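Peer 1: The following block contains the structure, expressed as structure tokens.
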Amino acid sequence: MSYKIDRNTYAQTYGPTTGDRVRLADTELFIEVEKDLTTYGDEVKFGGGKVIRDGMGQSQVTREDGAVDTVITNALIMDWWGIIKADVGIKDGKIFEIGKAGNPDIQDNVDIVIGASTEVIAGEGHILTAGAIDTHIHFICPQQIETALASGITTMLGGGTGPATGTNATTCTPGSFHISRMLQSAEAFPMNLGFFGKGNSTNGRNLIDQVEAGACGLKLHEDWGTTPSTINSCLNVADKFDVQVCIHTDTLNEAGFVEDTIKAIAGRTIHTFHTEGAGGGHAPDIIKICGEKNVLPSSTNPTRPYTTNTLEEHLDMLMVCHHLDSKIPEDIAFAESRIRRETIAAEDILHDMGAFSIIASDSQAMGRVGEVITRTFQTAHKMKLQRGPLSQDSDRNDNYRVKRYISKVTINPAIAHGINKYVGSIEKGKIADLVFWKPSFFAVKPELVVKGGSIVWSQMGDANASIPTPGPVHGRPMFANFGQSLINSSFTFLSKNSIDQNIPKKLGLQKNCIAVENTRSINKSHLKLNSKLPNISVDPETYEVFSDGELLTCEPLNEVPMAQRYFLL
């Protein structure tokens, strides 16, 4: 006779199952398990008197014959493609399978074979997401990387050379010398890294040199002169070498207006940074570019979400980052032209509509590198409060909204930069960059981070304690942070041309180097759950934003979740 167990006891033992709902941190967002790939009564769980023992849940199968290196049991997977309960197998640092783990000799429908060579990570009661991807990094200081990793980010793309004045303002690693040194520096960090060259040159040879040196993309920034001619020159090189172009457009409209930039882009694929405009771009109407099919629009996190403090903090940040002088009236006017309540409010709604597709940090250059995931889900929470459930959702759950927002920091930046074959989602064959969250700490503080199949970061107690849990408990680097494990668990993204020219070997790189690919044939329709193309207009006098004739506006929040409740210092 089968044993019956109530839902609450089952969830406490094996994690939530189909139909169970989970609250995300202290937000008003709730997810509901859509499907459970484990088998009731045949679940695997590790521990004394539990299932994963020799001859029971652990088989006699060797690693060579198919046993996985690591199994994650009973995890609640949250990804763009679904919110499901499953076991996850990892082998050779990659996701081997998502399904049912166990011993095929005594259990049915086993997709993931557990053997003596298999380690176990208990996923019960945890949300599992893909490692997040931040595509707007100013590499100002190396300490950013640990901060980002501790927040759940496992891939960082951007530019810079350290705290140089140019890097403080722009995400460019200019020239082959600096690109080479940054690629060599990347060897030291447990993070997937890639670097953008400076895209501002009408002489294509300057751009080609950087791509050949290993740049995985090119960045056009107004502080270096983003004119129609440099835009065209940069995109010509990108099309030839299959790298992405990121753009920060001309706030002052000196070389033309947003229409002139759209004309210069000429239908070619481009990733627009801080597309609302507070981070920079044609004032006041750069936001309308999100309606172009070839444009992959992103936000940076200082304007995420719109709160009562958003406008006040921006002016000083902007003056510092862009090397402006508060004694010069023109510099003050430049800064003030970028900070508009109306467009920031509209940005919230455009994200909720799926018209803005990506969220990144703008690290130490107005943005906060450790708050990308937090700010993303604060925005989702705000929009639920102010706009109610999406049409695809119900009063029971916010699954579609949550999948839309997780896509903005995982799969969509991966697609935009040609690395989605390797990272950006929990799918068979991809690198096992995975983040575990307690639901009460979701999007705030990860419980554990797996990098290339090995544990790289975890909440950990006193190392001198008799068990792992006594305080002080805080995030600490784990073994994949060190030595050759670091080298083999993390990756560097370069242009295909540079790999073909043996640049990794010439520079003495030990990390596995991966070529970006398919950056030029994509458009917004390829971005998951965030491909809406609204017809945007901006009133030049009031800065009010309209989508297909409808005013987009919302009020700022006085209080956000995932904030002081979690950060006491």
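Backbone N, Cα and C define each Cβ position, glycine as well.
Feature table excerpt (Swiss-Prot):
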ACT_SITE  His322  active site, proton donor
BINDING   His136, His138, Lys219, Asp362  Ni(2+) 1 binding site
DOMAIN    131-569  domain 'Urease'
MOD_RES   Lys219  N6-carboxylysine
Peer 1: According to DSSP, does Asp362 (Ni(2+) 1 binding site) fall in a helix, a strand, or coil?
Peer 2: coil
Peer 1: List every residue in the same chain as Asp362 (Ni(2+) 1 binding site), at least 6 positions away in sequence, whose Cβ is under 8 Å from its Cβ.
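Peer 2: The list for Asp362 (Ni(2+) 1 binding site) reads His136, His138, Phe273, His274, Gly279, Thr300, Asn301, Pro302, given in order along the sequence.
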Peer 1: To see if you understand the setup: which same-chain residues, six or more apart in sequence, place their Cβ under 8 Å from that of His322 (active site, proton donor)?
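Peer 2: Listed in sequence order, they are Ala169, Asp223, Gly280, Phe334, Ala335.
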Peer 1: Out of His136, His138, Lys219, which of these binding-site residues shows the lowest number of other CB atoms within 10 Å of its CB?
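Peer 2: Among the binding-site residues His136, His138, Lys219, the lowest count of other Cβ atoms within 10 Å belongs to His138.
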Peer 1: Beyond the listed site residues His136, His138, Lys219, Asp362, identify every same-chain residue whose Cβ lies within 8 Å of the center of their Cβ atoms for the Ni(2+) 1 site.
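Peer 2: Once His136, His138, Lys219, Asp362 are set aside, the remaining close residues are Ile137, Gly158, Gly159, Thr170, Thr171, Cys246, His248, Phe273, Thr300, Ala360, Ser361, Ser363, Ala365, Gly367.
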Peer 1: According to DSSP, does His138 (Ni(2+) 1 binding site) fall in a helix, a strand, or coil?
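Peer 2: DSSP assigns His138 (Ni(2+) 1 binding site) to strand.
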Peer 1: Across the domain 'Urease' (131-569), what is the average pLDDT of the model, as a whole number?
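Peer 2: Residues in the domain 'Urease' (131-569) carry a mean pLDDT of 96 in this prediction.
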